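J.: Just dropping this structure here.
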Amino acid sequence: MDRAVNSDPVNTDGTGCQRWRNWIGFWLLGLCNNFAYVVMLSAAHDILQKQESQNTTTPTPAPNGTSIEISNSSRYDCNAVSTAAVLLADILPTLLIKFTAPFYIHKVPYGFRVLVCFFTAVVSFLMVSFSSTILMSIFGVVFASISSGLGELSFLSLSVFFSRDVLSGWGSGTGAAGVAGASLYSAFTQAGLTPQVTLWIMLVVPVILAVSYFFLLVFPSSFPQWRRHEDGHSTSRVVNSQERRPLIEEETDTETTQEEQEDKHIRPLSFTDKIYIMKGLLKFIIPLGVVYFAEYFINQGLLELLYFSDSRLSHAEQYRWYQTLYQIGVFASRTSLVCFKIRKIFLMSLLQCLNAVLLGFAVYYQFLPNPWVVFVIVLYEGLLGGAAYVNTFYFIREETAKREREFAMAAASVGDSLGIALSAAAAFPVYRYFCSL
């Protein structure tokens, strides 16, 4: 019989080898899960610009690649953003999945979820590459968002079945996706390839994601599986073997038979249990949401307004460097978990809010002397955001009871998406206000 959707890869000998395989596997899962999302956003902007140019007479490229019109009456170099629908398509599907999925996703095996992530990522690449209308491009971004959102909560939950160091691999991979996704897409297109051909090349990314899960990871014996009915086992025994087992401590890679037997008899979490756990997670979700609210308020509402006309860098180049340095900061801090941990997430949310206030005053009063000062602040912004993300999930894993840990990791992932969505609602009115001055 063919390998089941959620079957175990061959378990190789050697604890050190297994740990490295799992760390690399989670690094690739993080990279591929977020890579498609980053590339889809860049590609959708390019295609929207081409499509909108057919309906406008004097389009002007914005720093983020969108088609805009310059507002001459403002003291800022403002853009009438025409792709707000794309930004909405980016975050709303992910937010919906993260809000609802933790309450039912445990009934869906991990292997099936990975296949859904694989197929939705492939569909997103193909839809955007072949799109002939704005609506089709937006739907392509929606599929990328579904893939990314489902993948993030699933892989965070999956990490609790492995040694705790895989979480640093996941964090580092997601951070690398921001740098690699935008850089490779820009490199391919600037080398002369069309966005369509570039997206076809990027189809290798969801393939790597699937291969990393099914063939690279070495699953522990505690990992829940779909198994066949064998050796005359009763139906009830088969059903019991399919139930999700509670989480275990990852102090070592081996568990005793007694521990595994005890885990089998722990009842699954009820809806009331999950609501209770959610209340306890607020001490993690709120600070993480605040960090991402301030972070994306800066990125969506303020950075395009921080333009220094006397610099030798153009507006587009300044904006591009803002985004690049931000992604580098995120990558560096999401990798830092292997070196040190930071328990005070609320302190990072406070510092990120101070960044937003500082840059807000800088936009209004225009007191910063040159873009190099903004470069430093934006790099620092990325460092705070990435550190808040990986440390939040590290301490959720460490401080949550073993039977609650898998649900907790999935449920807490709503924090960053909620912060991003709320920041979008706040950033666009603020952006329009500054442009009306």
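Glycine residues also receive a Cβ, built from the backbone N, Cα and C atoms like all the rest.
A quick note: this is a predicted structure, and the numbers were derived from the prediction, not measured.
Feature list, courtesy of TrEMBL:
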- 249-261: compositional bias 'Acidic residues' (COMPBIAS)
- 234-264: region 'Disordered' (REGION)
- 24-44: transmembrane segment (TRANSMEM)
- 110-128: transmembrane segment (TRANSMEM)
- 134-155: transmembrane segment (TRANSMEM)
- 167-188: transmembrane segment (TRANSMEM)
- 200-219: transmembrane segment (TRANSMEM)
- 280-299: transmembrane segment (TRANSMEM)
- 319-338: transmembrane segment (TRANSMEM)
- 345-367: transmembrane segment (TRANSMEM)
- 373-396: transmembrane segment (TRANSMEM)
- 408-431: transmembrane segment (TRANSMEM)
J.: Can you see whether the transmembrane segment (345-367) and the transmembrane segment (319-338) are touching - at least 3 CB pairs under 8 angstroms, only pairs 6 or more apart in sequence?
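T.: Per Cβ check, the transmembrane segment (345-367) does not touch the transmembrane segment (319-338).
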J.: Which residues, given as numbers and ranges, are at least 6 beyond the ends of the transmembrane segment (280-299) yet have a Cβ under 8 Å from it?
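T.: Answer is 323, 326, 345-346, 348-349, 352-353, 355-356, 359, 378, 381, 384-385, 388-389, 392, 395-396, 408, 411-412, 414-420, 422-424, 426-427, 430.
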J.: Let me spell it out: take the transmembrane segment (134-155), skip the flanking residues so only those 6+ beyond its ends count, and list any with a Cβ under 8 Å from a Cβ in it.
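T.: Contacts with the transmembrane segment (134-155): 26, 29-30, 33-34, 36-37, 40-41, 44, 47-48, 51-52, 85-86, 89-98, 101-102, 105, 110, 113-114, 116-118, 120-121, 123-128, 170, 174, 206, 209, 409-410, 413, 417.
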J.: Under a Cβ pair cut-off of under 8 Å, which of the recorded stretches 110-128, 167-188, 319-338, 373-396 contacts the transmembrane segment (24-44) most often?
T.: 167-188
